[in-house]
Amino acid sequence: MSGYVSIALILVIALLAVGGLYLVAQYTAVASDPIEQLPFLSGWEPQEHALSRYHARWYPLTLLFLAFDVEMLFMYPWAVIVARDGMGAVVEMFVFLGVLMVGVIWAWREGALQWV
Amino acid sequence: MSSLLNPAWALLAAVVLGVLALVGAGVHGMVIARSEGRSARSGALSPVFELARLLRQRRRRTVAADVLLWRVGCGGLVVVALLKTAVIPFGSWILADIPVGIVWFNAMDVLLWAVLWLLGWGANSAYGLIGGYRFLSQAVSYELPLMFALVTPAVAAHSLQVSEVVAAQNGLWFVVWMPVAFLIFCASVIAFSSWSPFGTAAGSDIAGGILSEISGVDRLLVLAGRYALLTTGAAFAVAMFLGGGAGPLLPDWLWTLLKTLLLLFVFVALRHRLPAIRPDRLAEVAWIIVLPLALLQTLFVAIVVVVGR
Amino acid sequence: MGLRDSIAQGALRRVHVLLVETPGWAEVRMAVEGELRLRGWKAATSPADADILVVCGAPGHELASVCARVWSQMPGPRSRVTVDVTRDVSTALDSAADELGDDDAQRRDARARPTSMPQGLDEHSSVDHAGMDHPGMPGMDHSGMDHSDMPGMDHSGMATHDHTTMSGPSGIPLASGAPDRDGLEMDVLHVPLGPVLPHWHAGLVVDCVLHGDVIGQAEAKVLPAAGVPVGLPPDGSAGGEQRRVVVRNCDQAARVLALAGWPSAATRAQRIRDAALVGAALADLGAQLESLVRTVGRSRLLRWTLRGIPAAIGAVGSGEPVTVRERMLDLLREAAQSAGGASERHAASDVASQQELLRALPALIEGTDVATARLIIAAASLDTASLAISGAMRHE
């Protein structure tokens, strides 16, 4: 348990460090308050807010990633017990990974890895 | 290996990280000064001057920005880097030798997805937005190979505890028989720090991207956070693959320090020497070549572990 | 005040400079870049990153208003300076740095500026980008650059514009959707590229409609200068023509290399360029160029990241379609040959062919992402100076 207390400690230190730096900058900066400005647009004014429904063309890739990423949930516990459980655990895990990899190759052939 | 539960040690860890990051930035300054035809020495102090400059500069806010999320992005890099140090052994000391240290490190670098994206999103700026999404599209490519690279030492050590991984390298460093995992891990460290050649999120083609709207101490935190992330990445690679504090003659903490600095210098120097790798070029290679290689590396290690039982 | 003073002193050792080049004043911009390298200063990527705004040359009406806006976007401490001729560069930067180091003046400037935008976007200038709002540019003092300080700009009196009916927060409309190249509807952003952008042709503006980071439609134009520059001195030194080719090609290749994210190679090209400018022996430069060509040509990583990106030159009808990488290498090779004494007289780029290239540019970048578009534009041998001058003459 003491490990997690240490982590909490270092989190507190991190927040204090960031906060402290802001305090220092309040004093050292030429003005303590931030200045509000238009976003930089090569020297022009924005015609609309940039916050918008951004067109992420690599969207199919995120789905592929999600499928594989959920699998990592099993990978970590597996790593701990694989030595104890022996070849059976290796075969099971890599057959599973192999199936996922087939999915990746299929998605690749469908063009999910190219978006420009 | 002894866990340390004392605010003083946690503070010391933060200070050591800060100093190492500054040294890394100094080396980067020297590399740049050399290539621009000045003496390397003249560049060594440039991060200190940069620090002064950014402390003096006024902070900036953009019209209708998502200020809260944006500031979370600004401060987040440093916080994440410090949270990572908790599980990194320094010689035979470690702040938090938790049983899932590797998972903790991994969880923290996934947090960076949010942090760097918020940095781009929060500013309500078109260039920032492009930068933030560039980082995400890069992240979906590097993250899985990174995870397998992290799992591989755990398989060999039968544990997710960082101290056990270091202990398991007694006699043979993991880099010797899992070089692929080591290289993938190093590349991923550079990528999640948004450092060149994987630094297109902050590319000059989009006026600095995620950096384009921040100034003053906000910018300082982001730039320092990137160096801190590179440093913790290097230090973790030392623990995972380079035998931690193992080495002749010198005390183990010094070996940790030396190996970490060496790796950090390599990361820093690479920035200058390689052309940028755009996320859209990276995706295919990462998924079709690097990911299977990572899987084969893990398979190889798993078989060795099972057979050598 | 000891801490503040030493911080100001430290800050002056690493000044970030935002460069705005007026078409025709490339030589001044190069001189500034060389001076930055010498001093260990840095070129800024955006106003937020900048301490000093350096305007090279005499910008025309529109470009001047762009400069004013960029100036108002710099957080401060800040100073600005206009440089007209190469020999003034060093003193101009010195005086700007002095101004930057004056802590009291900078604090006064900071206090004098409004901390929030009066109404977000001011509608006056959003309707017309032509910059009617800063007629007195050159003589203006710092605080006078901000909109709210402008006399006679009554924001509340302008609320009757039809513009306001579609306004979102802070007077800026929200993005609206449009079908992309696959027919999927998503929000589009109108993002102009240029004239203030790192590694960009002077005065060039490419107005883009962006779907995510992919360019849907584009339109290109060049902002004119207010006058005609003095230009490169007519063949004073030996090998004037060859020298000019070395300078021009290295400058362009450096731009492509910088956008390809390869700073060390870009710096090498820039240093060769600057050596040529100050009259270094051409034979030495030739050897350096050969070595640079070898380094760049050997890089497999570069070959891979630039693979399949077409150079604009092919589109304008002169022979085989080439890639950006080949084009950049050709530029360097040509420079090396020129430095070696080959003096093939280049067809002076006439205005008509430049206009054709400018017209062809949008078609080349539509459908590509911003990073690729930037590379294509950088590799296009667009001589914005001749276009701007011809444009300025037309206006008169």
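Backbone N, Cα and C atoms are what each Cβ position is placed from, and that goes for glycine too.
According to TrEMBL, the features are:
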{"type": "TRANSMEM", "residues": "B:12-33", "note": "transmembrane segment"}
{"type": "TRANSMEM", "residues": "B:68-90", "note": "transmembrane segment"}
{"type": "TRANSMEM", "residues": "B:110-130", "note": "transmembrane segment"}
{"type": "TRANSMEM", "residues": "B:142-160", "note": "transmembrane segment"}
{"type": "TRANSMEM", "residues": "B:172-192", "note": "transmembrane segment"}
{"type": "TRANSMEM", "residues": "B:227-247", "note": "transmembrane segment"}
{"type": "TRANSMEM", "residues": "B:253-270", "note": "transmembrane segment"}
{"type": "TRANSMEM", "residues": "B:282-307", "note": "transmembrane segment"}
Query: Any contact between the transmembrane segment (B:172-192) and the transmembrane segment (B:68-90), i.e. 3 or more CB pairs below 8 Å with pairs at least 6 residues apart?
result: no
Statement: Residues outside the transmembrane segment (B:142-160) whose C-beta sits under 8 Å from one of its C-beta atoms, at least 6 past its ends, are 99-103, 105-106, 109-110, 113, 167-168, 174, 178, 180-182, 184-185, 187-188, 191-192, 198, 240-241, 282, 286-287, 290-291, 293-295, 297-298, 301-302, 304-305
Field: Highest-contact recorded stretch vs the transmembrane segment (B:12-33), from B:68-90, B:227-247, B:282-307, CB pairs under 8 Å
entry: B:227-247
Message: Are there residues at least six beyond either end of the transmembrane segment (B:282-307) with Cβ under 8 Å to its Cβ atoms? List them, or say none.
response: 137-138, 140-142, 144-145, 148-149, 151-152, 155-156, 158, 177-178, 180-181, 184, 198
Non-local residues, at least 6 beyond the ends, that sit with Cβ under 8 Å of the transmembrane segment (B:227-247): 17-18, 20-22, 24-25, 77-78, 80-82, 84-85, 87-92, 102, 105, 112, 150, 153, 162, 165-166, 169-170, 173-175, 178, 181-182, 185-186, 188-190, 192-193, 195, 253, 255-256, 258-261, 263-264, 267-268
